[in-house]
Structures are given as structure tokens and as C-alpha cells.
Amino acid sequence: MGLNQLPFDPANNNEPLQFGSASGPLVTEGLIENGGESSKKRKRTNTPSADNSRTLNVDSTAMTLPMSDPTAWATAMNNLGMAPLGIAGQPILPDFDPALGMMTGIPPITPMMPGLGIVPPPIPPDMPVVKEIIHCKSCTLFPPNPNLPPPATRERPPGCKTVFVGGLPENGTEQIIVEVFEQCGEIIAIRKSKKNFCHIRFAEEYMVDKALYLSGYRIRLGSSTDKKDTGRLHVDFAQARDDLYEWECKQRMLAREERHRRRMEEERLRPPSPPPVVHYSDHECSIVAEKLKDDSKFSEAVQTLLTWIERGEVNRRSANNFYSMIQSANSHVRRLVNEKAAHEKDMEEAKEKFKQALSGILIQFEQIVAVYHSASKQKAWDHFTKAQRKNISVWCKQAEEIRNIHNDELMGIRREEEMEMSDDEIEETTETKETEESALVSQAEALKEENDSLRWQLDAYRNEVELLKQEQGKAPREDDPNKEQQLKLLQQALQGMQQHLLKVQEEYKKKEAELEKLKDDKLQVEKMLENLKEKESRTSRLGTSNQDSDYPLEKTMNSSPIKSEREALLVGIISTFLHVHPFGASIEYICSYLQRLDNKICTSDVERLMGRLQHTFKQEMTGVGASLEKRWKFCGFEGLKLT
């Protein structure tokens, strides 16, 4: 009746005892103060000793408590009348009275009681852990020497649930192994070897850490001191296929869950798809036609119309309906143009308002600056104090800077307007000139074609006249009056054709003269434009020094030996080629290399170009007699110093 109620049911609680580190104690033993009474305590583990020390009965069913609930752990220890122990076995309260835990209705005060909010400090990793003797039914485990280094272990395999246990006694059986290691957790399988070692597979991974705590313990079967009944346990990680397979399955399951979570997140964040477009029918067509007439629903209806046309809904039966919808869509063009013009007008008005407001602000700034300047004159300046003079000068500078900024902005707006106006005028003049020229050219071509056709007709008439004359000489004289009439008619036709041809030629000459005049006018306009551009570029320059430096550059460009971009490219390629050949190369070798790049390159042109560039290339004679050879070398670095 005096025990405190536990916050959980011990019979149904199967959660394992969690340790802060792999080297924590496997089973918490009671404190043994008198070494002489140890044998009695082995026999009677459930009876308290004279000095009120307690031990846990290993034979009874092990009650495992989750360390994640410190309140339950402290309450259970108090109900047993024991001091609350830490993970390493040290008492949390050094001056704890065990009699308080057995009193009825008075729970002991511990740092982990709810409401106090006191949590025991964590155990530092460098603190040595005190290992104690572990008593089992058939054997006893003695802790290793604390001064020895911890036993070495291999690298932990992923998902390890199997341990290697070596150093077993020769007389050790599988029942003894189960008795020792079942305290660490549920054992699934044991594979024992005849050479004093075995492999134990646990149900969970954290049980392996508990089993590693027993590494280094000396085991003794019963009370025998025979060598075959003793051994030193060595527990280490073991690599098993089943563990690796389960771990891989778990990782794949986690990856699938992660992919599913990401997919759900992407679907949640994805923007909603547009509403589906209805299929074409006469009823829907009439609805869309009504929407097309409404300005507010026009964009939606046009999208539906576009989708229907792309789907191929237009056929002979529905062509008239679609034509009427397209016609109603076309009726909105004028509305959109008017809206654009209205917006442009609003923009121009806003620009004009801004310009007027800016000019008014500039006038006020000018007035303020004039006030500052009048105040800085000697009549008024002498009456101000030093601080007042300083403030007035600072204010004057600030006002001048702001005024200059606004003035530059206003001048920039005016300059842009002037540039737009000049561009429009130039475009209009060029367009008119081009239209006039094109009209004259077309008229001249038409006159040429007419002149050619008239010449061909004249030739045909002349051939006919000659044929008639030949026939007249051969034919009898009876047909003379008819032939004479035909000849007269032909002569009259020829005279008319000749007069028409003369008129056409005169018109053609006039048109050619007009075309030449227009060409001259165009050249003059282009020259004027170039002069204007040059003047603008000269005015935009800061000093006259840049203008003086441009003229010698033009002279050098006009007098340079390189006359085109193609020759400049050839010079660059030849210079690179000869730089790779320091001993020079013949003109045939150079041209063979250049002809791989371009078949049209001629040897004489290349030699003439290299001869012009005397400071870049030089020709030398090598060899004697029959082996005499002309070689070209690159001397650009030396020529740079000379020039």
C-alpha cells in the first residue's frame, strides 16, 4: 500500500532499457559494501542485507524501463527503497535516505520529479565508467581491469544486428550463452562453433550496443576454477547478409517514402492547371460567339476559339460559324487600336505635366539660390554670425546641386524629344526620296521595254517591205496599182513608228536626266547627314586634343599598305605561320598552307602583300649554287622598334 503508483504498466511494457553510450552498464547491480557477505547475497538475492543494501534478482523476469521517461525510472527506484542511480550506476542524490521511499503517502523528493523541472547533468564522455560483477544462474561475469584500454572493435557494418563473441569457455553451452546475452535483448539466432566462439543475431540494432558492453568481461561457470570453465569474452560487430539485406530494404522503403513525400509536396506547390476547354457544339459555339462580342469576356472566348481551330473542328458544316466568330474577333482590332492611342495620349499628357511641374520646381530652386547668393553679399553677410554663415553656405551648395540635377533631367527630356523629331523627319525624307526613285526606276524600265518592242516591230516591217519589193520585181506589171497602195501604207506606218520611237527616246532621256539629278540630290543629302553626325560627335567630345589626334590616324589609315580586311587576315595568318618557323619558309610553302584554308589565294598576291610590309616580313637568300633558295622570315618585333 505504501508503494507509489508507476506511470506505466510493467507487465505490458516491453520497451528496452536505453543507455547513453555503448559502454554503459548492461544490468544495474546493487551496491555491495561488505565483501564477506557476497556469497550470502548470491544465495539470497531477494532478502535485504543488514546494511540496507539491495540487489536486483537476475533470476526473476527482467523489468526494462525506457530511459526516455526519467520520472518513471525515479519512481520505480524509490518504490524499491533504493537511491536513484544514474546511467553509469552513480547515485544521483548522495545523501538519499532509503527509508523515505517505504513510507506511506510520502513520495521521496528527487531531481526528476514532475514540477521541479530539474534534469540531471549529462555524463561527460571522458569519465571512466565503473563496471561491476554480473551474476547469472550458471555463471558469473567479472569486469575487466579499468586501467586497461577499451577492447578494439571493427567498423560497424550498416544495419548490424549480429555480434561475434569469442573467448568462450570450452565447457560453455548454448544455454549459458543465451543466459548471458538475453539480458541485452531478444535473440533471434545463435550459431555456435566448436572453437570457443559464436555469432548471435539480435532483433534490433540497439541490442548490439548492449552486447558490446560485455566485451572484456571474464566469465566463470559456477564456482569452478578449472581452465575449461573460464574465459575472457571478446564481443565485436559481425557482418551478416541478412542484416545487410534488411538494412537495404529499410533504406529503399525510406527512399520510397521520401520520393512520395516530395511528390506530394510538388503536387501541393504546383500551380493549378487551366480549366479544360469545352468540346465544340452548336450550343457552345453560340455561347462563345456572344462572349466574343463582350469586351470583358473577349480574352476567354478567343482562347476557346483558338483551341477549337487547332483541334481541327473547322469543316464544311461549321465553316460559317467559325467565320462569323473570326469576324467578331476582328471587330475588336479597332477598339484595341483606339485604346492604345488613348493610353499614348495619356502618357504624353503625363509627360507634359511632369515637364511643367519640373520647370516650376526649377524656377523655385532658382529663386532659393538667388536668395542664398544675395545673402552671401557683403551688405548682409557681415551681420551674420560664423555658425549662420556656415549654415547658409552649406544650404546654398545643397540647393545648387539639387537644381543642377533637376536641370540636367529636364534638358535630357528635351534632348530626347528633339532627337525623336529629327529621326522622324530624316525617316520621312528618306522614305519620300526612296519612293520617288523607285517610281522613276520603274518608269525607265517600262520605257526600255516599250523601246525594245518598237524596235522589233520596225525590223519586222522592214523585212516585210523587202519581201514585197522582191515580189514586185518578179510579178507582172498588171498588179502595180495595188502594190503601190500597199507600199504607201507600209511607208506611212513606218514613218509613224519612227516618230513614236523618237518620242519614246526623248522621254527616256528626260527620265534618265531626272534620275541622275535625284541621285545627285541623294548624295548631297547623305553628305549633309554625315557632316551633321560628325559635328554632333565632335561637340560631344570633351577636349580638342581628341580631334587633333584623329587626323593623323586617318592619314595613316589612308596610307597604310593593308587595303582590306582580307589582307589583314592574311597578314595575321602568315605572321603566325612564320613565327612557328623561326628559320623562315619559302613562298610556295606559305601558299600551300594558305591554300588549304582558301583555294582562291594566289602566290603572286601573297608575295606582293609581303613585299609591301617591309617592317613585318623580310626576304633572305639561303644556300649556295643549285641549292640557292629564297626564304621569308617574320621580323615584326624588330620592325616595331624601328617604327
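Numbering starts at 1 and runs along the chain as displayed.
Here the Cβ of each residue, glycine as well, is placed from N, Cα and C on the backbone.
Where the annotation comes from TrEMBL, it is an automatic prediction and has not been curated.
As the structure is a computational prediction, the values presented were derived from the model and not from experiment.
For 1-55 (among others), the entry in TrEMBL reads region 'Disordered'.
Annotation source TrEMBL lists compositional bias 'Polar residues' at 46-55 (among others).
The domain 'RRM' annotation in TrEMBL covers 161-240.
Through the fold, the coiled coil (326-360) approaches residues 289, 292-293, 295, 298, 302, 305, 406, 409-410, 413 of its own chain, all at least 6 residues removed from its boundaries and within a Cβ separation under 8 Å. Here TrEMBL flags 326-360 as coiled coil.
The feature region 'Disordered' is assigned by TrEMBL to 419-439 (among others).
Positions annotated as compositional bias 'Acidic residues' by TrEMBL: 419-429.
The annotation region 'Disordered' is assigned in TrEMBL to 534-559 (among others).
As annotated by TrEMBL, compositional bias 'Polar residues' applies to 540-549 (among others).
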When pLDDT is averaged across the domain 'RRM' (161-240), the result is 92
Secondary structure content, the domain 'RRM' (161-240) (per DSSP, counts of residues)
18 helix, 28 strand, 34 coil
